[in-house]
Amino acid sequence: EFNGSFYQPSAFLMMGIPGLEALHHWISIPFCALYLIALLGNCMILFIIKKTQSLHEPMYYFLSMLAVTDLGLVLCTLPTTLGIFWFNMRRIGFDACLTQMYFIHILSFIESSVLLAMAFDRFIAISHPLRHSSILTKTTVIKIGLAIILRGMVSLLPIPFLLKRLTYCGKTELSHSFCFHPDIMNLACADIKVNVFYGMIILLSTVGMDFIFIVLSYILIIKTVISLATKEECLKALNTCVSHICAVLVFFIPMIGLSMIHRFGKNVPPLVNTLVAYTYLIIPPALNPIIYSIKSSHIREALLRALCRK
């Protein structure tokens, strides 16, 4: 007992995959493969877009933002995840944990906003194809990118300070191999209503609103596509959205699942919680480059040209 006195642990203990600790070295193999695919795939996307003049368009500028965000998410979680699997390094300092948590959440919010910007780009491209380049100029895209970053940084800035003001009960074991706001918050023995309320408001006003606007964008896109003259034109227009729809589903489904588990899933087995968390943070960065490489003929052709030159 701490008799109401302020207590803050010097470090937290991170968790690998519960119940499978003896197999961590083997489990690290698919994780290494996913991290490698994410790093190489997103770097390839950035390289191809930078080197190919024909890809200097709004759609590919937003795709570059998505690739940078995915790289950031990978680099945030890779050291602690592989540190546990390879060396059983479970300890992370309190301030280091808050820093990792802040950047993970910022990058998640940025990815959500970039996906919304990409939905807006697809809507303009399909609804107003002749005005697309004049509406989404390079300057406009840069301003959208800066606004996305600023929104993520400012909205999440209070979170580390709200966690630092709490008194902790001596429990230091986290549920994941990375630091997550609800996970840290639940270790406190103080009143966490402010943290819960602020976290929920920020989540709904950022990621929640992004998802709603993405859905509205696709409703408008479908209305526009239905009005097109021929079936071939409809399919061609919708085909430009397939990769983005896949990226939206890959990102939002596990994110919503993880948020629901942390807030309402008290009886969910720890293994399910852990697998959903890894799916949320590792699968999208690994799959997004593959999705866009398969579905975008322009990126495929640019990649083949680069490989032929090599």
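For all residues, glycine too, the Cβ spot is worked out from N, Cα and C.
TrEMBL does not curate its annotations; it predicts them automatically.
Here the structure is a predicted model, which means the values were calculated and not measured.
What TrEMBL says about this one:
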type     : residues : note
DOMAIN   : 41-292   : domain 'G-protein coupled receptors family 1 profile'
TRANSMEM : 23-49    : transmembrane segment
TRANSMEM : 61-87    : transmembrane segment
TRANSMEM : 99-120   : transmembrane segment
TRANSMEM : 141-163  : transmembrane segment
TRANSMEM : 196-221  : transmembrane segment
TRANSMEM : 242-263  : transmembrane segment
TRANSMEM : 275-294  : transmembrane segment
Remote residues contacting the transmembrane segment (141-163) - C-beta distance under 8 A, at least 6 residues beyond either end: 58, 61-62, 65, 98-99, 101-102, 105-107, 109-110, 113-114, 117, 181, 184-185, 188, 194-195, 198-199, 202, 205-206
Contact set, same chain, for the transmembrane segment (242-263): CB under 8 Å, 6 or more residues outside the stretch: 66, 108, 111-112, 115, 118-119, 122, 180, 182-183, 186, 196, 200, 203, 207, 211, 214, 218, 272-273, 276-277, 279-280, 283-284, 287-288, 291-292, 294-296
Residues from the same chain, set at least six apart from the ends of the transmembrane segment (99-120), whose C-beta lies under 8 A from its own: 59, 62-63, 65-66, 69-70, 72-73, 76-77, 80, 92, 144, 148-149, 151-153, 155-156, 159-160, 163, 178-181, 184, 206-207, 210-211, 213-214, 217-218, 244, 247-248, 251-252, 255, 281, 284
Within the predicted model, mean pLDDT of the domain 'G-protein coupled receptors family 1 profile' (41-292): 91
